[in-house]
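Single-structure report; data block below.
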């Protein structure tokens, strides 16, 4: 361990020479705060001296069960001694004490950890020394009481209210409004009271080092204070809030946090002192203006605590005692942007007119601001287009593409659920798909409220402005379809007890009972439900977004060593296709044909499936051929000259039939009611047929390519419809349709080969009938482990592979998505058995299957194309891995995710350079 | 193609010197028949000269769309010329013609293909020549009519009945009983009639080469006859019956069949001529006695056809004209066994006192005979133990473990026949193969009752529990196939008068008339038929079986470069465990604990799952702990000192609950009947709770280790029960229980790790409570693709891996077994999309997952143990691959499969040397 450097100095030595050892690139060593403090020192900005204890030290300490690694404490003691020498003061010196701040700073900005202890080093003796030195008794007692308060709360975990109550009492007794108006002697009294509170709330068994003569005392040795503070920072890395935050943001537990120990600068030394936070540009709009707040005569925590009203940073120059500092700050803003080439977020303190920088980092910003800042910085020559594109977080873009609740209006949240599909919507509650269609046709916007949705609800979902379910997770039917349609959706609103028959909702913890027609507002980006009609703000694709996406397209489509990264869309109808073209989709990567069987056409497919009469069946099939052909004609016309990958029918056929349980219940009821035998016989016969189609695990049953061997007419009808539609457009309209046929759920190569040979025969028949040549590639949908493992066997007779990573995730994990997301994935995430929901972000093993299959297939069949059309195709984290690790040529996602995917693909391409 | 040798000669040249080019090891080149003909020549046995056309030629011909490969016809023409020179006769010679037989012969014995054409070379001219030469007019016309009949039927596919009818008519007109009694002139007439039948049933378009002056004629050029016959053999390789047979036996389509062209030897040249088939030992019992049938003055097909009653081979020596040949045959029996070190099956013909060998091969035998022969050959020094073990087909052992009629019950024999294939069966009578399949698919056990069977009946024979024929001997089609399949069979039940059309049987000496669907019982080991359903008893392991299994154990447990191959049992209760010990299981590889919750205990688990009251739940859990502990005490006591791998609860909990649909129907009925509100409320509440447990795809839902995170009490209760049972036996009985705990359905390492740490805590608690040390290994059940792919992550904290290849097959293929086997796997097998049911014989991709996981885990955690406890653990073909390719240490199977697995493991070990 002795060869590990655990402490890095920053700031100047006694002679004013910079002795900084770190730099901004040492993020993982020093944390973000420590690395940027070092960097500011290097570029000559005024930073109080100090040192940073490395993240590794935290990891070593916590992983050894809160035990200090060998030598670390010595190294810290040396650094303290060095700092004392540099500052010309000593910790605890009863004549001129050094005081320090102790702040945590992880490699990623992370709320939830112990943050800051100021004024460390104050003791009864050093407080007196400081009074002697500064003659500022008020300031010293104020600093000491703040220190005791912070140390007690953040280091020892004592309830902050105990101190606030004592403070309030003193203010009331003194008849003053603010703490700064309290007298020095009152503050001195408070110091004693605070120490009492400390002593009576610390467990002597947990802290034997604080026990003197049998009772706890407030530590009077600054070295003890410092050690406890550092240990508290380390300990806070593993606390629950921090852990949850890391889990949510995919940050590894093993990174650890650094600790920054820095000489204090005082913003509370009177009217020429101040403290503040600021951004170099407006983080909400991106405008090129300074943005921030400051407080005169205050310490850092006062700004954040909101006890006193802050003033806008622009007003600082109006205070004569702060004018010079304001000038310096403006100069530093410029230096920072020129150095970091980014919008920066800073913390500063002005001590008696002298500006000190306490922190800088890249500023958080809204999507809108991010776009504007990136574009303007390109114009200013600060950054290039690649950097501009990299600066925009793809997952933020959703914000821009959907309407939002207008948060300037005041409102109360009625219930919360999962943010299943972004955007806000207002409408009247309806409880069934039919009612949704009816009311919406009458001109009322509606919100479809269901226990859960199923394919029968599609009509209603299309008619609704928004969807709310009380059950189901983020990949439930409602969520998936809603995201696909770009309809706002809140899922899993468990507080809603829906009685669809009575058409009412009772809500846990609320007296409100909702009835059909009542207005509610939902925000699917936030997962909230509000009673009544909230005003909405609609954000269009702004010019800025178009500009940046244009740059992103240039990057991702470059042939720079790696192939272009293409983005396609999952679209099942011409409207979605047209929308997706607007959003920049290059082609249709997945056209699901089963949705074309719903609505009024359900009767036809039911007849086909259930009828015993050959003639009736073949009439139904003819009718399906007619309607599907016309669907494809429209689709291919919209997508002229662009690939349209049509997947042959995939779901188990019983999805198109009545629910057998409902039918059984209806039958039982009619039996008990003594219905005529004729009616009962018919019901029984129908139930028998539907029961014959039932399966134990439909996800793994008779579906996909397997249907081709049980109901061979059906996929062949579809192939005929595709070929006929293409041939019609070529012959009659001179267009260039580019359909491709995808065979779903292949597990053995023979399935694909047989389906292909049958399909090719049908295509040839259509070619002869129309007298046109058709070029319709036939590919395989890879969505089962076996298909991936044997991709080299399937590849030679496939023109392309498209990975259905939703189903592949299901079979790789043995997770049924519907069941897993409802029953155990939330618990798995909570207990950290999984770091991410594998249905949202692609799992490493699933990715490995894709990578393996691509690699095997490329060898077996050079020149093949590979795509992904699972939901991962719209998830930025997955997109990067799919392109850069698995090596696919395109991702395909729902229309509203296309801009996100374009940007994420550009990011992936840049990361791959 | 020119460097491929397509024709191999066998037999002597004109000077009597052997010119044979093949040998017995050239099975794949010359087929079994051709290779053994060559071998017989080499060891000096009398074989009529001839040549063999290679299997490759068939493959080339059929794969090129029935087109002859270049040069092949020339090579055959050369071989014919050579044969003519060797025999001193020419094909079609009008003075002294050469006649030949043409027989197929694949590398594996394979019914269903075109078999034999005799007397080829006879034409109108050569028949006259032969009469001139032999003065045996009767013989010549009989031979010619046989030839036309066979050629028409087997080469041209003309209905055999047409010829039989003509023959019958002649017999009736002549007033004779057998064909051989017909006069030469009648036979001559028949030749003309047969030619007429031929000409009117051959399609001139399909056979332009047979058309002369606008009409079809019977081919008068022997070269044309030969070419057509060879092509017919090639074509029959791909016919449906042959394909089905290959599919069932896992024989590749690409092997092809050879064709043997051989000079005729005549068994129908009078009383000093004969033909017959024989085995060197009794193929039913294994006794050291000659076994077979012969017919005087007959050709080969007469023996098989069963038209005349054959005589036992022992009686041959009683015919003075055949005595020398009988002597020679006895001598040859000895030569053959000494040469092949095996029991041989032969075909022979005696032509005017001279013995000719037409075929030899390893004789098919019952399992019982196989054991006896193997053991006796070891005693005789003919073979060693390894060979003896190799000689027993593991899948045949089932026969011995097959049920027998319970002879302690009183019963009356309805009829007697030949004990053609051992084992007893009970089922409903069916009279056709189609009915057998149909009824059996409906879930009824059936006995197929036929006059005789033919290759067309194969499907029905597979579907039947047992087979009964009224004709045919122990070497008839029914007998041979039934023995091969291990299906009980009684042949030659002559008292049965079967009217297949009327679907009834009248019985000599009985008033009983049997109809379709009537229940009968048969015992193929005793050759008896009993009316009604008899109770069956299971046969014990015989001494011979024990001997051979003992040798097998010695082999499989050797540490000879590879590790020992262990066999465990899947057993859930002490009875099964005890049975399995008798059958030679070494340990319990899988004890499923959920079966322990069934029966009366179902109420307890239902209470645990459904109750809202904490107290009630915990009482239920206590009760479960009590009963499971006592289950384990019994189990571990039975298996003292042997490993018992206990799998924690695996199935979804709703399997223990009522069916929600039934409940919903009951509720609807009670509602309609106006039941009291109290009752309805209770029903509704119960339904709601059960519905909350419902899942869309239970196989992939909340089950296995996942239950540990939703119902943590349940698996912990089980761990406590296991540990408590072990501790009790150690403390109170001084036993050495060796339980192991297996965590099911792991997909990510964290599941296993968390479950393990919780389980270890419970085990420690029990250790303290009992004051005994427990050593309970904790392993993982690998049954998901993700677990296999990340085995190296799971391995470090697992003591063993056991592969659940049933579930692994389900997720690898995306096949729900329940649905797939009912809905599409049969069609897949029929259409050859799959070559085997992957739930019976392990699929190559599933095997690859196991191999991959073993290999990764061995690296990550050297010294781990690996097993398989899916059904593949009892399948001989899978066992070999699991040991030799995947590298597992043990297989675990159901008790009755244990002897099969022991033998299969020995085979695997021998194959791996």
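Including glycine, each Cβ sits where the backbone N, Cα and C put it.
Annotated in TrEMBL:
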- B:477: active site, tele-phosphohistidine intermediate (ACT_SITE)
- B:869: active site, proton donor (ACT_SITE)
- B:592, B:647, B:783, B:804, B:805, B:806, B:807: substrate binding site (BINDING)
- B:783, B:807: Mg(2+) binding site (BINDING)
- B:29-65: domain 'Pyruvate phosphate dikinase AMP/ATP-binding' (DOMAIN)
- B:74-310: domain 'Pyruvate phosphate dikinase AMP/ATP-binding' (DOMAIN)
- B:325-380: domain 'Pyruvate phosphate dikinase AMP/ATP-binding' (DOMAIN)
- B:445-527: domain 'PEP-utilising enzyme mobile' (DOMAIN)
- B:564-909: domain 'PEP-utilising enzyme C-terminal' (DOMAIN)
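The largest share of C-beta pairs under 8 angstroms with the domain 'Pyruvate phosphate dikinase AMP/ATP-binding' (B:29-65) comes from B:74-310, of the ranges B:74-310, B:325-380, B:445-527, B:564-909. Looking only at the binding-site residues B:805, B:806, the densest Cβ neighbourhood within 10 Å occurs at B:805. For the pair formed by residue B:806 (substrate binding site) and the residue listed as 'active site, proton donor', distance between Cα atoms is given as 8 Å, rounded to the nearest Å. Long-range neighbours of residue B:592 (substrate binding site) (same chain, six or more residues apart, CB within less than 8 Å of its CB): B:570, B:572, B:647, B:650. Sitting within 8 Å of the Cβ centre of B:592, B:647, B:783, B:804, B:805, B:806, B:807, and not among those site residues for substrate, are the Cβ atoms of B:590, B:650, B:744, B:781, B:803, B:808, B:869, B:870. Max Cα-Cα distance over the annotated substrate binders (B:592, B:647, B:783, B:804, B:805, B:806, B:807) is 15 Å. Checking each of the binding-site residues B:783, B:804, B:807 against the residue listed as 'active site, proton donor' by C-alpha distance, the shortest gap belongs to B:804. Rounded to a whole number, the distance between the Cα atoms of the residue listed as 'active site, tele-phosphohistidine intermediate' and residue B:804 (substrate binding site) is 40 Å. When the C-beta distance to chain A is held to under 8 angstroms, the recorded positions B:477, B:647, B:804, B:807, B:869 reduce to B:807, listed in sequence order. Cα-Cα distance from residue B:783 (substrate binding site) to residue B:477 (active site, tele-phosphohistidine intermediate): 43 Å (rounded to the nearest whole number). Counting residues per DSSP class in helix, strand and coil order gives 23 helix, 4 strand, 10 coil for the domain 'Pyruvate phosphate dikinase AMP/ATP-binding' (B:29-65).
Separation of the C-alpha atoms of residue B:807 (substrate binding site) and residue B:477 (active site, tele-phosphohistidine intermediate): 39 Å, rounded to the nearest whole number. Residue B:805 (substrate binding site) sits 37 Å from the residue listed as 'active site, tele-phosphohistidine intermediate', taking the C-alpha atoms as the reference points. Taken residue by residue with DSSP, residue B:804 (substrate binding site) is part of neither helix nor strand, so it is coil. Least packed by the Cβ count within 10 Å, out of the binding-site residues B:783, B:807, is B:807. Across the domain 'Pyruvate phosphate dikinase AMP/ATP-binding' (B:325-380), the prediction's mean pLDDT works out to 93. Helix, strand and coil counts from DSSP across the domain 'Pyruvate phosphate dikinase AMP/ATP-binding' (B:325-380) read 29 helix, 17 strand, 10 coil. Of the recorded positions B:477, B:647, B:647 has the largest number of other Cβ atoms within 10 Å of its own Cβ. The 10 Å shell around the Cβ of residue B:869 (active site, proton donor) contains 28 further Cβ atoms across the protein chains shown. Residue B:783 (substrate binding site) falls within neither a helix nor a strand when secondary structure is assigned with DSSP, and so counts as coil.
Sorting the domain 'PEP-utilising enzyme mobile' (B:445-527) by DSSP state (H, G, I as helix; E, B as strand; all else coil) yields 18 helix, 28 strand, 37 coil.
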